[in-house]
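What follows is one structure encoded as structure tokens, with my remarks underneath.
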Amino acid sequence: MSAEPEVRLTAWVHGRVQGVGFRWWTRSRALELGLTGFAANKPDGRVQVVAQGSREECERLLGLLEGGDTPGRVDKVIADWSDAREQITGFHER
């Protein structure tokens, strides 16, 4: 039985998500789920979250991002799915 291929979740998080510990919180949740990737502040106020791992764990992270228990205030999350394109080690704040 072969392992499921890894997927890549790219989530654009809109709202009051900078300067409130959002990237740190996201990193902690991603590491708990065994995901790799990063969370980065963008000049327009969004946070870009890139996570790679199993589809199930990436979906769990997306649910947490949309769930309302994050630091700050999330107004919406736009998610894009693709195959894991590169090898990423760890989960980092950028």
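Yeah, the Cβs are placed from backbone N, Cα and C, and that goes for glycine too.
Residues annotated as domain 'Acylphosphatase-like' in Swiss-Prot, with sequence analysis given as evidence: 8-94. Per Swiss-Prot, active site is recorded for Arg23, Asn41.
Taking only the Cα positions, the spacing between Asn41 (active site) and Arg23 (active site) is 8 angstrom. In terms of DSSP helix, strand and coil, the domain 'Acylphosphatase-like' (8-94) has 23 helix, 36 strand, 28 coil. Counting only residues at least six positions away in the same chain, the Cβ atoms of Ala39, Ala40, Asn41, Val47, Glu93, Arg94 sit under 8 Å from the Cβ of Arg23 (active site). Looking just at the domain 'Acylphosphatase-like' (8-94), the mean pLDDT is 96.
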